[in-house]
């Protein structure tokens, strides 16, 4: 049986291929045959626990969730390549250039993007990232030796590259660092539990789940200051500086997704929602005046349950259900 993370990888690779118009179908092979879907073997786990560095070659389209050293060598002109990196929610990703042999003057490039970008849609969105979009790209051909180590702002990052000459390529080392206050996150799995805390920071944080899910919020604190709860307005969330919104859609960018619900009052208890979308996002908007916190859990929506609600397939129709 393929793992949940395999399905997520499959989703991303199909999305990327479709954005280039190259294919309508990708076959998922066994993990032993297709290393982007590698399930860690016991031998590999022992090697990593012994402190050995994991090494392997990169494919033109690839995905990594593990630390190690990775090398790409072109065996033919490779013009549309990308590698996606993902960590746990509380991890940041560092990419170090060990060796680069590309022809920048001949049209080659090697760029790191702080986040993911697919079909022109970004995660985190421009509204939620601390840097303007232009500063989220680091182009090796422009920076060279000046910046040979790049750290992400969240648990996902990517590189995309073009290499014309066979034999040229690069080697990178991927490391992960602890993020004490995770903000923007893409979940590796269709189920889990997470607590998001924004401590007196004026920022927006999105937690993205690339699955139809049931999401249950069990604890929400908004406007918590010096041990007191500030009374909020009674009519909706308009004009409130701190609130939670649930979003659903088929793309990657939360700012382009459909708003399903807003929560702007603190509560202890349970609020549950079924979201039959390809992508579900819980987004916290924070004014920076208070300590805001939300705890939630989620699991993949039962397809039989969605079929009972509608005739169209889940890809064609995204429904909210309280």
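The count begins at 1 with the first shown residue.
Glycine too: its Cβ is placed from the backbone N, Cα and C atoms.
Features of the protein shown, as given by TrEMBL:
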- 60-81: disulfide bond (DISULFID)
- 104-141: disulfide bond (DISULFID)
- 183-205: disulfide bond (DISULFID)
- 237-264: disulfide bond (DISULFID)
- 277-318: disulfide bond (DISULFID)
- 52-177: domain 'Corticotropin-releasing factor binding protein N-terminal' (DOMAIN)
- 185-306: domain 'Corticotropin-releasing factor binding protein C-terminal' (DOMAIN)
- 1-21: signal peptide (SIGNAL)
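Long-range Cβ neighbours of residue 104 (disulfide bond) (same chain, at least 6 residues apart, Cβ-Cβ under 8 Å): 140, 141.
In this view, the densest Cβ surroundings among the disulfide-bonded residues 60, 81, 277 belong to 277, judged by other Cβ atoms lying within 10 Å. If you take every residue in the domain 'Corticotropin-releasing factor binding protein N-terminal' (52-177) and average the pLDDT, you get 94. Residue 183 (disulfide bond) has a Cβ environment of 24 other Cβ atoms inside 10 Å. Taking the Cα of residue 237 (disulfide bond) as the reference point, the closest of the disulfide-bonded residues 81, 183, 277 is 183. Its own atom aside, the Cβ of residue 141 (disulfide bond) has 15 Cβ atoms within 10 angstroms in the protein chains shown. The CA atom of residue 60 (disulfide bond) is located 45 Å away from the CA atom of residue 264 (disulfide bond). A straight line from the CA of residue 81 (disulfide bond) to the CA of residue 205 (disulfide bond) spans 29 Å. If you count neighbouring Cβ atoms within 10 Å for each of the disulfide-bonded residues 205, 237, the highest count belongs to 205. Each residue contributes its Cα atom, and for residue 183 (disulfide bond) and residue 264 (disulfide bond) these two points are 19 Å apart.
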